[in-house]
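Asks: First the structure, then my questions, so here it is.
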Ligand code: HSE
């Protein structure tokens, strides 16, 4: 049988990795797919031939991406150029031309996935996006297929390798934020715009996708609450550790009676949880299903070969599906397209979680009592308190409080009142806290 002809857009970190994996494992991949897979046409603006194994086997390489999606011989287009545009136009054009698509582009899927999947559905083609979430971990397959029997209750994941790498290096080696970020960029982990990593946008793209797969709702990136790691201070990492917690940057989505939570933010989690020990560029996703209970998926969340592993697995899936009935394929968002629900997404004010607060308190009688009074009036119950001795010559002390779960709106009111109180100096540091109990 003729090899399946692939058009490849992008020969950067993931594009180069995909060529390498398809070359190195060509025989095994063909045995799995049932046909050989050949990249016949690629487009890239620039690439490093030294880093790509098997580059010479690509039929034709130019810098014209639209020529690839218009190439009549190409059956599957792999989009690995990233970003919103021209990736969106290229993917839509490939679909219009009747080609299946594989992409690692989480920004594209989170923002334009509804449009792209509708176009693919109408045309009877598939769009694979396993590599868009958690790099090499087959989390989309797990949620969409492996857990299809379950009513999913919640998902919590470390889904940005760069952010986790930075937090880990800062905690373990006391390294400087900018220095670790530069290393992540050198290693090919970071996004083209690294603020996407450190401000949580990349994780929010991925969380948006996971929420849709878990709960059968349209992609709604604009409703995902997003807070990054750039304001995490070493003293909070240390205080959290003293209290038995680690700070991780988590994406959390949960089904509640009132609606669906979609949020990305630094989170204190008990250090004894397996996920609290996921370090460096590794990702991990905890999924709680009603039948299966908690399940945990772990692996490399970024990097050339791990991400290529997911890209090539999608290609194998598509090759197998080439001859199947288009109406009987695994739906893009796990639920049949006509069955997506309009369940509301909760604003962050309505989300209920526990909190770590660090308050800079004046060292004088009655301050602690007044703060406790404000919390009590807002219905907030304190779980633990820690107060440090003032440093030599200092008139303020850090006061650390852990609270029970409470609606964010009540916490916002309490924080505003505490900050207005003259026994307190500066802003209250607030980090959300989750037990992640099974
Ligand atoms: N910048 C991303 C990360 C790459 O660090 O996780 C993988 O999506």
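Cβ coordinates come from backbone N, Cα and C, glycine included.
In case it's useful when we look at the structure, here is the feature table from TrEMBL:
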BINDING   106  NADPH binding site
BINDING   191  L-homoserine binding site
ACT_SITE  206  active site, proton donor
DOMAIN    356-433  domain 'ACT'
Asks: Kindly assign residue 106 (NADPH binding site) to one of the three DSSP-derived states: helix, strand or coil.
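Replies: Helix, per DSSP.
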Asks: Round to the nearest Å and give the CA-to-CA distance linking the residue listed as 'NADPH binding site' with residue 191 (L-homoserine binding site).
Replies: 11
Asks: Would you kindly give the Cα-Cα distance separating residue 206 (active site, proton donor) and residue 191 (L-homoserine binding site), rounded to the nearest Å?
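Replies: Here the two Cα atoms lie 13 Å apart.
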Asks: Within the domain 'ACT' (356-433), count helix residues (DSSP H, G, I), strand residues (E, B) and coil residues, in that order.
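Replies: Tallied per class, the domain 'ACT' (356-433) gives 24 helix, 29 strand, 25 coil.
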Asks: Counting across all protein chains shown, how many other Cβ atoms sit within 10 Å of the Cβ of residue 106 (NADPH binding site)?
Replies: 28
